[in-house]
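Chemist: Can you keep this structure in mind? I'll have questions shortly.
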Amino acid sequence: MFRFDRRLLIHFDWGLLIMLLLICGMALFNLYSASYPPQPWGTPPYLKQLYFFLMGFAAIVFLLGFDYQELHFWNYFFYGVVVLLLLTILFIGKSAGGAQRWISLGFFNLQPSELAKLMLVITLASYYSRKDVTDGYTIRQLVVPIVLTAVPFLLILLQPDLGTALMLGFIFASMTIFVKLRLSVYLILGGSAVGCAFLAWEHLLLPYQKQRVQTFLNPEADPMGHGYQIMQSKIAVGSGGQFGRGYLEGTQGHLHFLPERHTDFAFAVWSEEWGFAGSMFFLGVYFLMLVWGLYSSMFARDRFGVLLSFGIVMLIFWQAVINLLMILGLLPVVGIPLPLVSYGGSSLLTTMLGIGILLNVRMRRFQSPRGQID
Amino acid sequence: MNDKFFEQVEEISERDDRALIMLKRRALFAPFVVLAFFFPIAARFWYLQINKGDQYRQKADSNRVRITSLPPPRGHILDHYGREIVTNRPSFNVVMIREDSFEIDDVLKRLAVVLKEDIEVLWERIRDASGTPRHVPIVLKEDIPWDTLAYLENNKYKFSGIRIEVRPVRTYHYGNLAANAIGYIGSINRQQLEQDQEGFYEGGDLIGKRGLELLREKDLRGEKGERSAEVDARGFEQQQLKNMEPLPGNDVHLTIDAELQKAAEEYMAIGEKAGAVVVMEVDTGRLLAAASTPTIHLEDFIGGISKKNWDALLNNSRHPLINKVVQAAYPPGSTYKIVTALGGLVEGVIDENTMIYCPGQYRFGNRTYRCWKRGGHGAVEIRRALAESCDVYFYQVGQRLGVDKLAEYARKLGLGSETGVDMEYEKAGLIPTKDWKRQRHNEQWHDGETLSVAIGQGFNLTTPLQVCLMTAAVANGGRIYRPRLVESVTTPDGRVVDRFSPELMSELSEREKHFLPIIRDGLFEVVQGKRGTARQVRIEGMTVAGKTGTAQVVRLAVYKGMKEEDIPYEYRDHAWFTCYAPADKPEIAVTVLVEHGLHGGSGAGPVARVMLKKYFEHRLQQMEDSVADASGRNG
C-alpha cells in the first residue's frame, strides 16, 4: 500500500526538477522556432511536445509514489513487453523512411526502441546489483547481460535503426565497465568490439549506413546528398556567431536549408539563434543536470540505486554527446535525438521517465528498502 | 509485492556493502568523464561560432539569398537629328518554371495549341535547359500577341508553372532602315560567353550580333539590375529583399540622316536594285547615308531568327547579309580614272593641256584595247578625257605611269585599304602592284595589265565607301577623313560620353593638291558638260561634279554585241556613279554602286541624283521659290 512519507518531500531533489523544467522550457521555446512558420494544418510540433511533456510530468509524479526497488520485481516483465513490442514492430510497424520503428497508438506513434533503452538500463542495473562480484566480472558472468543486451540490440538493428542499436551498446558498455571487470575481460571485450565493428562494416551495415559514414569522412564530396545535412548544420551553428541571429531569426532553419531541424537537428536551430553564449548556457545547464544525476547516484542507498542512476545519466549523456557531435559535424548522421530537446514523444517520455527514476532514487536515499526511514 | 521479496533485496544489500562503496567511489569519477566530453564540445562551438562565425554567416547568407539579374533596357539608336530609329518595346514571353508545374507534359500539350507551336519545339526548349536549376524560368515562346497573352492570363489555372515575363526587345521605327549598318541583337552564344572577361553576361542574355549593335555593345547594353530574394531550400521565394534597378544603356546618335537613308533605300528598292549608296560630308567624314540593298528584315531577328528565314538569307543570290558599303569589293571602273589623272598630272607624264588622240582603240603589244566609244573621242585633254571618260586617254597615261605609280596614287586617295569606319568585316579591296602579283600569283606583271588597271578594271577591287572617300578627298582639296557612323553617345539623361570629331587620316601633298582643280573641272564637266557621261544627273539650280563607272563582271564573247537588256542579270556590268555637290563649294559626296546596273550614268546616276535632291531639298526649294518670286515680280 502506498504510504506517504514526509521525508520524501524533504529529500526531494528540487535542483534536478528545476533543471529539467528549465531545459524542457528552453526546448519547447526552441521547437516553436524550429517549426516556424507554423503549417496551416495539424497540431504544431511544439504543442505536441508540450502535451508529451505534460504526460511525462504526470508519469513522473505517478512514479514517485513507488519505491524504485520495485523495479527489481517488474524488471523482466518490462523486458518481455519491450522485446515483444520490438518483435511486433518487425511485422506491423509503421514504416517511415525505409525503417519500421513505430507502433501507431492512434494519438501517437510509440517507438519501442526508445523504451528499450530505459528497459536495458533497468535490466542491467537489476542484474548487476544482484551479483556480488567485487573482484570484477569474468566473461562467463557477463554472458547473461550480453544476451540480455543482444536480443533488443539485434531486433532494433533489424528495423533498421543503427543509431538506437548503438545506444544499447553504449549503455551496456558504460554500465558493465562501471561495475568493474577483470583485466582479461577488458581485453577480450575490447578485441571483440573491434572485430564486431569490422565484421559489421563488411557484412552487416546496409549501403545507406556505410554511405553515412563515408559522407561524414568527406561531406563536401556529396554536398546535395548525404553531406548536405552535415554542411547545413555546421553553417547553421557557425552562423550563430557570438550572440546568435536572434529568436525566430535563424535563416537556415526557417528557410528549410537545415533538414530535420525540429528533430535531430533542433539544437542547431538553438545555436543559430542564440549563438555561442546561448549554446553555452543551454549546455551548461544540460551538463550540470547530468553531473547532478551522477551526484544522485553517489548518494543512492543501494547498488541498484547507484547503477540505475548511473545508467540513466549515461543513457542521456551518450545520446546528448552523439547528437551534439553530429550537429557539430564531428560524427556521421546516425539519427540520435538530443534528449528533452529533439521533437519526439517516445524519446521525451523515456527521458522523463528516466529522470523520474533519478528523482525517485534521490528522494529515497535515506529510506530503508521497506520504506522505513533510517 | 510481498515482504519476502523485500527481505531478499535487503539481504542482498547488506551483503553488498563493500560492493556499494566501490560503486560509489567509481561514481565519483563519472562526472569527470562527462566533463571530459563537455569541454571539447564547447571548444568546437567556439571554433564554429567565434573563430569561423563570419565565414559561416556569409555561407548562410549566400545559401538563402538568390540574386537574379534584371536585364537593362538597351540604349536607343537615333539619327543625326534625334529621330528614333531603334528603341525598345516590351515583349511578352511565355516561360515555364518546372518546379511549379505539376504535369509538364499535359501543360505543354495545352500550351502548344494556344501558342500554335509544335509540342516538340516546346519540349526541345525544356530539354535544352535541363542542366539549369528547376526554379529558373525557361522561355518557351517570345513575343506572344495580345490575344494569346489575354487567354493565358485568364486561364492561369490550366497552366501550372507557366508565367508571362516581360522583357524589353528592339523595335524599329523606320522598319529595316540602315539594317546592315545598325545590325541586330540575339541571344549570347557559348563563344561570346567564354570571351566575356568582365563576367557581365549570362546564358540567355541578349547581345549585339552584327553592325553597331555589336560594335557599340558596351555603350548600348547598360548596367544590369539585381533582384535579391530570400529563398527556401527548394528555391521558393519567401520574400523580396531588395531591388537594384537596371540602368538603361546609352543612346547612340548616328551621323545618318534617316530621311536621306530612307530615300536611298526606297529608290534602290525600285526595280530591286542590289548595291550600295554612300553619302558623306566631304569635310568631316560623317556618313549621312550608308545603304546596302537588298537589306535584312530586322523584325525576323527578334527572339532569334528561324532556320527557314536564315537559310533564305544565306541562299539569296543578292546577298542581303552582306553590307555592300564595306563588305563587298568591285572593280572601280572609270571612277578610277581620277587616280590615273592625278598620278599623271603629279608625275608629269601629262599636263593639263596634253592632248592624246583617241581613235576608239589603242594598240599595245599585240593586243588592241578599245575605248567605250567605238568612233573615238578624237584629240582630248585631261578635262575632256574625264568628262567623256575616254579610255584611250587613260590607257596611255596609265602606261606612262606604270602600275606601281597608279597603286601609289590609288592608296593616297583612300583606295585599297580599310577606312576604319565603324562597320564590321570591312574589306580592304585590292590595288594591284608588280610585287603583289609576284607574291600572290608568282607571275610577272604584264604591261598590258596596267592598261586595264588604269581604267579601273583588271585586278582592281574597291568598296563603295573607298570610292566615296576618294571623291570627298577630291572635293575637299585632298584630305582623307575617317568615315564615321556615330555622331555621339549620350547617357539616358543626356550627358555626352563620346562625341564625333573629324579624324584626318591622311592628306595629299601640296603638289598633289595643286592638280586637284584640274580633276574637279573634269568631274564638273561629267555632269554639267554638254558631252558629259552623267548629264542626266544634272539638277536645276545647283552644280554637281562626278564620275561614272562601269565595272565589268565577265568578259564573255557570247554576250558581245547583245542588247544589254538581253544579257542575263548576273552577267551584266556593275554601274558606278560617284559625285559631290555643290561643285563649287562641295558639302557632300555621294557614291552609288548598282550591281549589274550596266552603266554608271543611267544605272547609278539617278540614285545619286535622288540623294542630292533630297539633301539639298530645302535649298533647292528656296531657290525655286525665289525664282518664282522674281518671275512673279517681273511678270
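Glycine too: its Cβ is placed from the backbone N, Cα and C atoms.
What TrEMBL records for this protein is below:
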- A:12-34: transmembrane segment (TRANSMEM)
- A:46-66: transmembrane segment (TRANSMEM)
- A:73-93: transmembrane segment (TRANSMEM)
- A:105-125: transmembrane segment (TRANSMEM)
- A:137-156: transmembrane segment (TRANSMEM)
- A:162-179: transmembrane segment (TRANSMEM)
- A:186-206: transmembrane segment (TRANSMEM)
- A:274-295: transmembrane segment (TRANSMEM)
- A:307-334: transmembrane segment (TRANSMEM)
- A:340-361: transmembrane segment (TRANSMEM)
Chemist: Please report, as numbers and ranges, the same-chain residues at least 6 past the borders of the transmembrane segment (A:105-125) whose CB is under 8 Å from any CB of it.
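Modeler: Residues packing against the transmembrane segment (A:105-125) from afar: 52, 71, 75-76, 78-79, 82, 85-86, 88-89, 94, 145, 148-149, 152, 156, 159, 161, 164-165, 167-168, 171-172, 175-176, 304, 307-308, 310-312, 314-315, 344-347, 349-350, 353-354, 357.
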Chemist: Is it the case that the transmembrane segment (A:162-179) and the transmembrane segment (A:307-334) have 3 or more CB pairs under 8 Å, with pairs at least 6 apart in sequence?
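Modeler: Result for the transmembrane segment (A:162-179) with the transmembrane segment (A:307-334) is yes.
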Chemist: With the transmembrane segment (A:274-295) as the reference, which stretch in A:12-34, A:46-66, A:73-93, A:186-206, A:340-361 has the largest tally of C-beta pairs below 8 Å?
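Modeler: Stretch with the highest Cβ contact count: A:12-34.
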Chemist: Does the transmembrane segment (A:340-361) come close to the transmembrane segment (A:46-66), meaning at least 3 CB pairs under 8 Å for residues 6 or more apart?
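Modeler: In this chain the transmembrane segment (A:46-66) contacts the transmembrane segment (A:340-361) - 3 or more Cβ pairs sit under 8 Å.
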